[in-house]
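Student: Attaching a single structure in structure tokens format; questions to follow.
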């Protein structure tokens, strides 16, 4: 019952009352330090009161709990050293990491905890010592891997075509070699080494990604933008395309260019994932993801309807015409592709001034230009501009959340020998097996002196106002005007004294 009450207090809107009641309940806890402590008992979702405060974005309760768990090591004048308990914060030995819970929640208030002590210092320590070097090495290794795969695709086994052309539009001059012909020369053996590296890399990607999908869940793993959800979809699809290409090569099936081209596009687009390691580029990846999976996905439904309608109209108009004079609409698939290019203004309206074009082509193209170019494209630009404006106001905290997510990911993937535990064991200071983070703080005495001056001025204004209010209530209606003037005089005097005090403080500063 006590543990349930603690979880309820974390969710209370009245933060001050919740903190006092929290301390009151813990004062009756008999197992304050043991494993049966109320603060260590999780709820049905596996969240202790401390983790629940972080997930809900309750910064007041989080700071209150951190102040209860800190240990003052020493202080000398303005300098002080504090040990913060990071047992539940550190993701090193936690199945359900506190940092991962914060970055995976949809509440913006929760991400503000990443800027509080000691979470900010812990993330900075992990990222600067291990996260950034490993992440940069991983980015370099992946780029070299993609260069190897690209060279294998560029020099894939082809041979000249031996059959005759079936039509005047047939432009094929090379065809794919059979498996027996693909690995004969010395250059083929070099390409085989690159292809083996590519296939092994695809298998490693699937081995690393599938356990996380099973642990977190597909919806949460692919749906969270900060966790890199869209990039996980890209890299898993890329690995599957590599395996499909391998099967088609081994079975001598024609058409391997389809999965190979998809793999090239997806593999190189996944390089943008490594931009999150840099503060200058990290927020832009968030913007791109939100635009693609937010604005662009909604816009594509409207674009598909417009393209289908006008492409069908263009095909019907040119169905009776000679395709050699104007071949952009000679069949229905080509009409769809041409209309898509016209929609994005990639090409101009096709025309042949040597022949007479149908009259309806001009009418339909005029309506298409008004609807597609002037209306819908400007609508898309406005939607993307609004998304950019919203993300720009959160880019700093979004980048910090990306860094945290990347740090936790690397910490889980890498062996323990390459990523030692951060912090100091409490045994060194006689504090048990819990782990602490040492933080040195410097208190500026001038800053505190200015704060005392400010509080003194505020108290003086408040006292003068309260005195004037009491006088106004005690006198009768006949003396109302006099007391109002006295009140205004008292407040003007207070403002004058406050103004004089601020002038003295400004000169001293």
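Every residue gets a Cβ built from N, Cα and C, even glycine.
Grabbed the feature section from TrEMBL, which reads as follows:
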type     : residues : note
TRANSMEM : 134-158  : transmembrane segment
DOMAIN   : 135-394  : domain 'Ion transport'
TRANSMEM : 192-210  : transmembrane segment
TRANSMEM : 231-251  : transmembrane segment
TRANSMEM : 257-275  : transmembrane segment
TRANSMEM : 296-318  : transmembrane segment
TRANSMEM : 359-381  : transmembrane segment
Student: For the domain 'Ion transport' (135-394), what's the mean pLDDT in this predicted model?
Tutor: 83
Student: I need to check the long-range neighbours of the transmembrane segment (231-251): which residues 6 or more away from its ends have a CB within less than 8 Å of a CB in the stretch?
Tutor: 149, 179, 182, 195, 198-199, 201-203, 205-206, 209, 221-222, 259-260, 262-263, 266-267, 269-270, 272-273
Student: Report, as numbers and ranges, which residues of the same chain sit near the transmembrane segment (134-158): CB under 8 Å and 6 or more residues beyond its ends.
Tutor: 174-177, 181-183, 187-188, 191, 194-195, 197-198, 201, 242, 256, 260, 263-264, 267-268, 270-271, 274, 277, 406, 410, 414, 418-419
